[in-house]
Amino acid sequence: MKPAMSVEIGSLKLRNPVMTASGTFGYGEEFSQYVDLEKIGAFVTKGLSLKPRAGNPTPRIVETPGGMLNAIGLQNVGIDAFIQKKVPFLRSVNTPAIANFFGYTPDEYAELASRLDAIPEVAALEVNISCPNVKQGGIVFGTDPGCAASVVAACRAATQKTLIVKLSPNVTDIVEMAQACEGAGADALSVINTLTGMAIDLERRRPVLANVTGGLSGPAIKPVALRMVWQVARAVKVPVIGIGGIMSATDALEFILAGATAVQVGTASFVNPAAAQEIAEGMEQWLAERGIADISSLIGALEG
(Lines of atoms letter the chains of each structure in order from A and count residues from 1; the text may use other names and numbers.)
(Lines give C-alpha, C1' and ligand atoms only; values in the text may rest on other atoms or scores of the structure.)
Protein backbone atom coordinates (compact mmCIF):
# COMPACT_ATOMS: atom_id res chain seq x y z
CA MET A 1 0.00 0.00 0.00
CA LYS A 2 1.32 3.43 -0.92
CA PRO A 3 1.78 5.71 2.09
CA ALA A 4 -0.16 8.99 2.26
CA MET A 5 2.37 11.77 1.64
CA SER A 6 0.19 14.89 1.48
CA VAL A 7 0.58 17.71 4.01
CA GLU A 8 -1.02 21.11 4.55
CA ILE A 9 0.71 24.45 5.04
CA GLY A 10 -1.96 26.99 5.93
CA SER A 11 -4.61 26.65 3.21
CA LEU A 12 -2.06 25.12 0.83
CA LYS A 13 -2.37 21.39 0.17
CA LEU A 14 0.82 19.69 -1.02
CA ARG A 15 0.97 16.23 -2.63
CA ASN A 16 4.15 15.57 -0.63
CA PRO A 17 6.27 17.57 1.83
CA VAL A 18 9.16 18.39 -0.54
CA MET A 19 9.60 21.90 -1.92
CA THR A 20 12.55 23.62 -3.56
CA ALA A 21 14.20 26.53 -1.78
CA SER A 22 14.19 30.10 -3.05
CA GLY A 23 17.24 31.13 -5.04
CA THR A 24 18.19 27.55 -5.96
CA PHE A 25 15.49 26.74 -8.53
CA GLY A 26 15.12 29.88 -10.64
CA TYR A 27 11.45 30.59 -11.34
CA GLY A 28 10.67 26.89 -11.88
CA GLU A 29 10.90 26.83 -15.66
CA GLU A 30 14.70 26.63 -15.66
CA PHE A 31 14.62 23.24 -13.92
CA SER A 32 11.50 21.82 -15.58
CA GLN A 33 13.51 19.75 -18.09
CA TYR A 34 15.43 18.05 -15.25
CA VAL A 35 12.67 17.58 -12.67
CA ASP A 36 9.12 16.33 -13.02
CA LEU A 37 7.54 19.24 -11.15
CA GLU A 38 4.44 17.15 -10.56
CA LYS A 39 6.48 14.79 -8.38
CA ILE A 40 7.30 17.46 -5.78
CA GLY A 41 5.05 19.31 -3.36
CA ALA A 42 5.78 22.89 -4.44
CA PHE A 43 8.54 25.11 -5.78
CA VAL A 44 9.62 28.52 -4.52
CA THR A 45 10.72 31.30 -6.87
CA LYS A 46 13.86 33.40 -6.61
CA GLY A 47 13.27 36.33 -4.27
CA LEU A 48 11.33 39.14 -5.96
CA SER A 49 11.65 42.88 -5.38
CA LEU A 50 9.68 45.86 -6.67
CA LYS A 51 12.46 46.80 -9.10
CA PRO A 52 14.93 44.51 -10.92
CA ARG A 53 18.24 43.89 -9.14
CA ALA A 54 21.58 43.06 -10.78
CA GLY A 55 22.95 41.58 -7.56
CA ASN A 56 26.51 41.72 -6.26
CA PRO A 57 29.76 41.79 -8.26
CA THR A 58 31.57 38.49 -8.85
CA PRO A 59 32.96 36.27 -7.49
CA ARG A 60 29.74 35.63 -5.62
CA ILE A 61 29.68 31.85 -5.13
CA VAL A 62 32.40 29.73 -3.55
CA GLU A 63 32.44 26.06 -2.63
CA THR A 64 33.38 25.32 0.98
CA PRO A 65 33.97 22.07 2.90
CA GLY A 66 30.49 20.64 3.36
CA GLY A 67 28.64 23.36 1.51
CA MET A 68 28.81 26.64 -0.35
CA LEU A 69 28.83 30.37 0.27
CA ASN A 70 26.74 32.67 -1.89
CA ALA A 71 26.59 36.43 -2.09
CA ILE A 72 24.34 36.69 -5.14
CA GLY A 73 22.77 39.84 -3.74
CA LEU A 74 19.15 38.92 -4.45
CA GLN A 75 19.49 39.32 -8.22
CA ASN A 76 16.02 39.11 -9.77
CA VAL A 77 13.87 40.34 -12.66
CA GLY A 78 11.55 42.47 -10.50
CA ILE A 79 7.80 42.09 -10.02
CA ASP A 80 6.75 43.59 -13.39
CA ALA A 81 8.91 41.25 -15.49
CA PHE A 82 7.90 38.34 -13.24
CA ILE A 83 4.25 38.95 -14.09
CA GLN A 84 4.92 39.40 -17.81
CA LYS A 85 7.56 36.73 -18.43
CA LYS A 86 7.51 34.17 -15.62
CA VAL A 87 3.85 33.78 -14.62
CA PRO A 88 2.76 32.26 -17.99
CA PHE A 89 4.88 29.16 -17.26
CA LEU A 90 3.24 28.76 -13.85
CA ARG A 91 -0.13 28.30 -15.58
CA SER A 92 1.17 25.19 -17.32
CA VAL A 93 2.23 23.36 -14.15
CA ASN A 94 -0.02 21.45 -11.78
CA THR A 95 2.22 22.14 -8.78
CA PRO A 96 1.90 25.09 -6.38
CA ALA A 97 4.31 27.95 -7.05
CA ILE A 98 5.28 29.96 -3.99
CA ALA A 99 6.59 33.48 -4.58
CA ASN A 100 9.46 34.54 -2.33
CA PHE A 101 9.83 38.31 -1.98
CA PHE A 102 11.66 41.03 -0.06
CA GLY A 103 11.68 44.78 0.48
CA TYR A 104 13.53 47.50 2.32
CA THR A 105 10.58 49.05 4.20
CA PRO A 106 7.35 47.54 5.54
CA ASP A 107 5.47 49.51 2.86
CA GLU A 108 7.54 47.88 0.09
CA TYR A 109 6.80 44.44 1.53
CA ALA A 110 3.09 45.26 1.69
CA GLU A 111 3.03 46.51 -1.91
CA LEU A 112 4.69 43.32 -3.15
CA ALA A 113 2.34 41.15 -1.08
CA SER A 114 -0.65 42.99 -2.55
CA ARG A 115 0.57 42.60 -6.14
CA LEU A 116 1.38 38.91 -5.66
CA ASP A 117 -1.99 38.37 -3.99
CA ALA A 118 -3.66 39.37 -7.27
CA ILE A 119 -1.86 36.65 -9.29
CA PRO A 120 -3.96 33.44 -9.34
CA GLU A 121 -0.95 31.36 -10.45
CA VAL A 122 0.89 32.19 -7.21
CA ALA A 123 -0.33 29.71 -4.61
CA ALA A 124 1.35 31.20 -1.54
CA LEU A 125 3.85 33.84 -0.46
CA GLU A 126 7.19 33.42 1.33
CA VAL A 127 8.56 36.56 2.99
CA ASN A 128 12.34 36.94 3.14
CA ILE A 129 12.98 39.09 6.23
CA SER A 130 16.79 38.81 6.00
CA CYS A 131 17.06 42.32 4.51
CA PRO A 132 18.16 45.67 5.98
CA ASN A 133 15.49 48.17 7.05
CA VAL A 134 16.62 51.36 5.32
CA LYS A 135 14.26 53.45 7.47
CA GLN A 136 15.89 52.26 10.72
CA GLY A 137 19.62 52.54 10.15
CA GLY A 138 19.96 49.31 8.21
CA ILE A 139 18.94 46.88 10.96
CA VAL A 140 18.05 43.55 9.38
CA PHE A 141 14.29 42.94 9.74
CA GLY A 142 14.88 39.31 10.62
CA THR A 143 17.13 40.03 13.60
CA ASP A 144 14.70 42.23 15.54
CA PRO A 145 11.35 40.81 16.70
CA GLY A 146 9.58 44.18 16.47
CA CYS A 147 10.87 44.89 12.95
CA ALA A 148 9.99 41.38 11.82
CA ALA A 149 6.48 41.63 13.24
CA SER A 150 5.92 44.97 11.49
CA VAL A 151 6.79 43.43 8.12
CA VAL A 152 4.65 40.34 8.69
CA ALA A 153 1.68 42.43 9.84
CA ALA A 154 1.99 44.67 6.77
CA CYS A 155 2.04 41.63 4.47
CA ARG A 156 -0.79 39.94 6.35
CA ALA A 157 -3.02 42.97 5.78
CA ALA A 158 -2.21 42.88 2.05
CA THR A 159 -2.89 39.22 1.21
CA GLN A 160 -5.38 36.42 1.74
CA LYS A 161 -2.92 33.82 0.48
CA THR A 162 -0.95 31.50 2.76
CA LEU A 163 1.85 33.64 4.23
CA ILE A 164 5.12 31.88 5.03
CA VAL A 165 7.92 33.77 6.79
CA LYS A 166 11.53 32.66 6.25
CA LEU A 167 13.56 33.11 9.41
CA SER A 168 17.22 34.08 9.65
CA PRO A 169 19.43 31.86 11.83
CA ASN A 170 21.74 34.81 12.53
CA VAL A 171 19.93 35.70 15.75
CA THR A 172 20.36 35.15 19.48
CA ASP A 173 16.94 33.55 20.00
CA ILE A 174 15.15 32.05 17.00
CA VAL A 175 12.13 31.12 19.14
CA GLU A 176 11.53 34.78 19.99
CA MET A 177 11.64 35.64 16.28
CA ALA A 178 9.30 32.77 15.40
CA GLN A 179 6.74 33.75 18.02
CA ALA A 180 6.85 37.40 16.91
CA CYS A 181 6.12 36.38 13.31
CA GLU A 182 3.38 33.95 14.35
CA GLY A 183 1.77 36.66 16.47
CA ALA A 184 1.82 39.09 13.53
CA GLY A 185 -0.10 36.69 11.29
CA ALA A 186 2.32 34.20 9.69
CA ASP A 187 0.60 30.99 8.54
CA ALA A 188 3.90 29.05 8.51
CA LEU A 189 7.62 29.53 9.16
CA SER A 190 10.55 28.48 6.97
CA VAL A 191 13.52 27.57 9.17
CA ILE A 192 16.33 28.41 8.30
CA ASN A 193 17.85 30.85 5.85
CA THR A 194 21.64 30.76 5.34
CA LEU A 195 24.22 31.33 8.07
CA THR A 196 26.62 34.23 7.52
CA GLY A 197 30.13 33.07 6.65
CA MET A 198 33.25 34.00 4.71
CA ALA A 199 36.15 32.44 2.82
CA ILE A 200 39.70 33.77 2.50
CA ASP A 201 42.25 33.45 -0.32
CA LEU A 202 45.48 33.04 1.64
CA GLU A 203 47.90 33.84 -1.20
CA ARG A 204 46.06 37.01 -2.23
CA ARG A 205 45.26 37.87 1.40
CA ARG A 206 41.81 38.83 0.28
CA PRO A 207 38.27 37.56 0.82
CA VAL A 208 37.20 35.12 -1.90
CA LEU A 209 33.79 36.77 -2.28
CA ALA A 210 33.67 40.31 -3.68
CA ASN A 211 31.02 41.01 -1.02
CA VAL A 212 33.42 39.63 1.68
CA THR A 213 30.69 37.67 3.49
CA GLY A 214 27.99 35.39 2.14
CA GLY A 215 25.32 32.90 3.07
CA LEU A 216 26.52 29.44 4.05
CA SER A 217 24.30 26.55 2.95
CA GLY A 218 24.61 22.81 2.44
CA PRO A 219 25.37 19.87 4.77
CA ALA A 220 27.59 22.03 7.00
CA ILE A 221 24.52 23.83 8.40
CA LYS A 222 22.24 20.82 8.82
CA PRO A 223 22.86 20.26 12.56
CA VAL A 224 22.13 23.94 13.27
CA ALA A 225 19.01 23.84 11.10
CA LEU A 226 17.72 20.67 12.76
CA ARG A 227 18.19 22.21 16.20
CA MET A 228 16.39 25.40 15.23
CA VAL A 229 13.49 23.53 13.58
CA TRP A 230 13.13 21.42 16.72
CA GLN A 231 13.13 24.53 18.94
CA VAL A 232 10.67 26.48 16.81
CA ALA A 233 8.26 23.59 16.18
CA ARG A 234 7.83 23.11 19.93
CA ALA A 235 7.19 26.81 20.50
CA VAL A 236 4.62 27.73 17.81
CA LYS A 237 1.28 26.38 16.59
CA VAL A 238 1.79 27.10 12.88
CA PRO A 239 3.55 24.61 10.55
CA VAL A 240 7.33 24.74 10.25
CA ILE A 241 9.15 24.13 6.94
CA GLY A 242 12.63 22.70 7.52
CA ILE A 243 15.55 23.95 5.43
CA GLY A 244 19.29 23.46 5.71
CA GLY A 245 21.61 20.87 4.20
CA ILE A 246 18.92 18.44 3.03
CA MET A 247 20.71 16.23 0.50
CA SER A 248 18.79 12.95 0.87
CA ALA A 249 15.45 11.44 1.87
CA THR A 250 17.02 10.51 5.21
CA ASP A 251 17.95 14.14 5.85
CA ALA A 252 14.42 15.25 5.00
CA LEU A 253 12.82 12.67 7.30
CA GLU A 254 15.04 13.80 10.18
CA PHE A 255 13.58 17.30 9.79
CA ILE A 256 10.05 15.84 9.80
CA LEU A 257 10.81 13.98 13.05
CA ALA A 258 12.19 17.21 14.54
CA GLY A 259 8.80 18.86 13.92
CA ALA A 260 8.80 20.11 10.32
CA THR A 261 5.59 19.61 8.35
CA ALA A 262 7.46 20.07 5.06
CA VAL A 263 11.02 20.64 3.86
CA GLN A 264 12.84 22.70 1.24
CA VAL A 265 15.73 21.40 -0.85
CA GLY A 266 18.27 24.03 -1.89
CA THR A 267 21.99 23.43 -2.35
CA ALA A 268 21.33 19.79 -3.34
CA SER A 269 19.74 21.05 -6.59
CA PHE A 270 23.10 22.56 -7.62
CA VAL A 271 24.73 19.14 -7.18
CA ASN A 272 21.86 17.23 -8.79
CA PRO A 273 19.07 19.19 -10.53
CA ALA A 274 16.63 16.31 -9.87
CA ALA A 275 17.43 16.19 -6.13
CA ALA A 276 14.02 17.39 -4.90
CA GLN A 277 12.14 14.78 -6.93
CA GLU A 278 14.51 12.00 -5.84
CA ILE A 279 14.19 13.02 -2.19
CA ALA A 280 10.38 13.00 -2.41
CA GLU A 281 10.42 9.54 -4.00
CA GLY A 282 12.96 8.30 -1.46
CA MET A 283 10.82 9.47 1.45
CA GLU A 284 7.79 7.62 0.11
CA GLN A 285 9.87 4.47 -0.39
CA TRP A 286 11.26 4.68 3.17
CA LEU A 287 7.74 4.84 4.62
CA ALA A 288 6.49 2.02 2.38
CA GLU A 289 9.35 -0.28 3.40
CA ARG A 290 8.49 0.22 7.06
CA GLY A 291 4.73 -0.05 6.70
CA ILE A 292 4.14 3.55 7.80
CA ALA A 293 0.76 4.58 6.40
CA ASP A 294 0.96 8.38 6.63
CA ILE A 295 3.83 10.88 6.68
CA SER A 296 1.88 13.02 9.15
CA SER A 297 2.43 10.36 11.83
CA LEU A 298 6.15 11.24 11.75
CA ILE A 299 5.78 15.01 12.17
CA GLY A 300 7.37 15.92 15.51
CA ALA A 301 7.56 12.24 16.49
CA LEU A 302 11.11 12.57 17.86
CA GLU A 303 11.45 10.59 21.06
CA GLY A 304 13.56 11.36 24.11
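Just so it is clear, glycine is given a Cβ too, placed from its N, Cα and C backbone atoms.
For the substrate site, Swiss-Prot gives Asn70, Ala71, Ile72, Gly73, Leu74, Asn128, Asn193, Thr194; the one candidate out of Lys46, Lys51, Lys85, Lys86 that the record lists there too is Lys46.
Swiss-Prot names Ser22, Lys46, Gly47, Asn100, Asn128, Lys166, Gly218, Gly244, Gly245, Gly266, Thr267 as FMN ligands; from the candidate set Ile79, Ile192, Ile292, the record adds Ile192 to that same site. With the fewest other C-beta atoms within 10 Å around its C-beta, Gly73 stands out among the binding-site residues Gly47, Gly73, Gly244. A distance of 11 Å separates the Cα atom of Ser22 (FMN binding site) from that of Thr194 (substrate binding site).
The Cα atom of Gly266 (FMN binding site) lies nearest to that of Thr194, taking the recorded positions Ala71, Cys131, Thr194 as the candidates. Comparing Gly244 (FMN binding site) with Thr194 (substrate binding site), their Cα atoms are 8 Å apart once rounded.
Whole-number maximum of the Cα to Cα distances across the FMN-binding residues Ser22, Lys46, Gly47, Asn100, Asn128, Lys166, Ile192, Gly218, Gly244, Gly245, Gly266, Thr267: 20 angstrom.
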